[in-house]
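Some notes on the structure that comes next.
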Amino acid sequence: MTLFDFTVSQSDRAKMKNQTPLVVWFTGLSGSGKSTIANRLEEKLHQAGKHTFILDGDNVRHGLNKDLGFSESDRVENIRRVAEVSKLLFDAGLIVIVTLISPFRADRNLARNLFKKGEFFEVFVDTPLDVAESRDPKGLYKKARTGEIKNFTGISSPYEAPDAPDFRILTTECSPDVASSQILSRFFKI
Ligand code: ADP
């Protein structure tokens, strides 16, 4: 299939925003701290005058992906769609922050493979299961333990930790503020 060659390019859009677009993809257990750290990161980028967007796993399940459940094939499709949307937002010239459990290595690689080297960074929010479960910010672990929620990552569905993430955050050792500052200096030189 031949694609239409539009005149205004990704780099034109990025130049107008005076920034280098990239994707920061947070992966980790539910309750690990992805949304909390991403939120702090976006606040700081915003203060620095950067144009950003957060694609949050829970939020997209209310709209774009509301037809999907938590079976293995639906999880794969959930991630594929989020990856494709992150690519569109990247092409629009935005700094894209994705917060998605994304438990399977193969799916995260599928997302990474949409991008060139230096455009996509995988951040592993590394929180032990017992800590994430004790936080249980949305009460989901409790429901997973009683069986009210099936296929729950870490309890009744596997989480494949990244072997070589671009960045690893140990949330038992640093606050969301410190973690977001580390990401900022590492990937944005801010
Ligand atoms: P996720 O998006 O990974 O499901 P959330 O960010 O929604 O996780 O929830 C993480 C919870 O853990 C929040 O209630 C947050 O305040 C708490 N928390 C405690 N310590 C940290 C930390 N160091 N980093 C991130 N979150 C933390």
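Heads up, the Cβ atoms here are built off N, Cα and C, so glycines get one too.
Sequence-distant neighbours of Ser102 (active site, phosphoserine intermediate) (same chain, 6+ residues apart, CB-CB distance under 8 A): Trp25, Thr27, Gly57, Ile79, Arg108, Ala111. For the recorded site, Ser102 (active site, phosphoserine intermediate), the DSSP three-state label reads coil. What TrEMBL lists as active site, phosphoserine intermediate is Ser102.
Annotation comment: TrEMBL describes Gly28, Leu29, Ser30, Gly31, Ser32, Gly33, Lys34, Ser35 as ATP binding site. Listed in sequence order, Val125, Asp126, Thr127, Ala132, Thr171 are the same-chain residues at least 6 apart in sequence whose CB falls under 8 Å from the CB of Ser32 (ATP binding site).
For 21-169, the entry in TrEMBL reads domain 'APS kinase'. The DSSP breakdown of the domain 'APS kinase' (21-169) into helical (H, G, I), extended (E, B) and coil residues amounts to 60 helix, 27 strand, 62 coil.
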Of Gly28, Gly33 (the binding-site residues), the residue whose Cβ has the fewest other Cβ atoms within 10 Å:
Gly33
